[in-house]
Amino acid sequence: MSFDYINALQKKPTTRTPIWVMRQAGRYLPEYRATRKQAGDFMSLCKNKELACEVTMQPIDRFDLDAAILFSDILTIPDAMGLGLYFSEGEGPKFTSPIQSLADIEKIPTDVTNELTYVFDAVATIKKALNNRVPLIGFSGSPWTLATYMIEGGSSKTFANTKRMLFNEPQALHLLLDKLADSVIGYLNQQVLSGADSLMLFDTWGGVLSKQNYLDFSLDYMAKIVKSIKALHPTVPITLFSKNGGKHLTDIADTGCDGVGIDWTVELDDVQAQVGDKVAIQGNLDPAVMYATPEIIEKEVKKVLSKFKGNTGHIFNLGHGITPDVDPENMKVLVDCVHKFSAR
Ligand code: 1CP
């Protein structure tokens, strides 16, 4: 099997620039909204392997995408650690028992793979349904990003509690991050054993840290995960994505990862000049371009493609997830334009 998505990550020749889109399965698709309604709530959808498989396949059936991504969430690990995850309508994720002290951190378990078998079952079910059409991406949140949700008790704008712990009790935060890194290693290892062909770490909130704090509290733990997974599965490509991480790209590329995800606040040619010899680059169309007309989308796609030099090492994506109010027809325009204008 030869896939442009895997080949691009490994800098092998590709027939065209591969594309997948963060949140490609989700609320912008009417068929997703229907399955989600059938499941009841979001976590029930994640915990039902047939329905998780169904929504993973929906964008693959509709568009000519080059990879599928497991339908799940990054908050499965904190949920398995006993924090009580729930989704309140319109408010995003919440925890009934957020982390408030060192004592809370000492109590949480590290080996949670037994609580996450529903995720591995979903991976195996999706892998079978894909029947080698396209590769399957497994994923986890980064320890830092997971820690922010666990300490804030949900989404946050200021990360006040997490940063308070970072400055007042750095050792407590390091203990939590250590436990999370070990959990993530076990989690990703099981995803590969169940059929994931490639892995991605979402560090959505890495960009809110200063340089040294980013290195110490986010990147170090991602580097540990990369090293451990590479020792177990040397040929499985790993992509790291720190949103707003433009200042840290050379540090990220030095972890031994295969791909670096970038958002739209950096220029693809600058990034390629910095790290293009070491890693493949994933990105970086502004997700808001998806609100524009097909003609504008085509123009913006050409702009991104023209910034990358060479025939491999670029995986097209948005700089962050596709938003729920995008017209699905524009997703088709995007995918087809990327392929049409990058054919070798
Ligand atoms: O109502 C619904 O249907 C729930 C919306 C939703 C969806 C579709 C959530 C809740 N999660 C997901 C799926 C999801 N989440 C995937 C599936 C695969 C795909 O990409 O198609 C993935 C990879 C994630 C990862 C995820 N969850 C991240 C990292 C990536 C990113 O977007 O930055 C984060 C931060 C989360 C937390 C989360 N889960 C859900 C929401 C709405 C959020 C974000 C909350 C916030 O902004 O803080």
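Glycine is treated like the rest: Cβ placed from N, Cα and C.
Annotations in TrEMBL come from automatic prediction, not curation.
Taken verbatim from TrEMBL:
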BINDING   Arg23, Gln24, Ala25, Gly26, Arg27, Asp73, Tyr149, Thr204, His320  substrate binding site
DOMAIN    18-27  domain 'Uroporphyrinogen decarboxylase (URO-D)'
DOMAIN    137-153  domain 'Uroporphyrinogen decarboxylase (URO-D)'
SITE      Asp73  site 'Transition state stabilizer'
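Annotated features taken from TrEMBL, shown on the structure.
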{"residue": "Arg23", "record": "substrate binding site", "DSSP (3 states)": "coil"}
{"residue": "Asp73", "record": "site 'Transition state stabilizer'", "DSSP (3 states)": "coil"}
{"residue": "Tyr149", "record": "substrate binding site", "DSSP (3 states)": "helix"}
{"residue": "His320", "record": "substrate binding site", "DSSP (3 states)": "coil"}
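Taking only the Cα positions, the spacing between His320 (substrate binding site) and Asp73 (site 'Transition state stabilizer') is 15 angstrom. Here the binding-site residues are Arg23, Arg27, His320; the one with the fewest Cβ atoms within 10 Å of its Cβ is Arg27. Cβ neighbour count for Tyr149 (substrate binding site): 27 (other Cβ atoms within 10 Å of its Cβ, all protein chains included). For Ala25 (substrate binding site), the same-chain residues lying six or more positions away in sequence with a CB closer than 8 A to its CB are Tyr32, Val55, Thr56, Gln58, Pro59, Ile69, Phe71. Between the CA atoms of Arg27 (substrate binding site) and Asp73 (site 'Transition state stabilizer') there is a gap of 14 Å, rounded to the nearest whole number. Across the structure, Asp73 (site 'Transition state stabilizer') and Arg23 (substrate binding site) are spaced 10 Å apart at their Cα atoms. Considering only the residues assigned to substrate binding, Arg23, Gln24, Ala25, Gly26, Arg27, Asp73, Tyr149, Thr204, His320, the longest pairwise Cα distance works out to 23 Å. Confidence across the domain 'Uroporphyrinogen decarboxylase (URO-D)' (137-153), taken as the mean pLDDT and rounded to a whole number, stands at 98.
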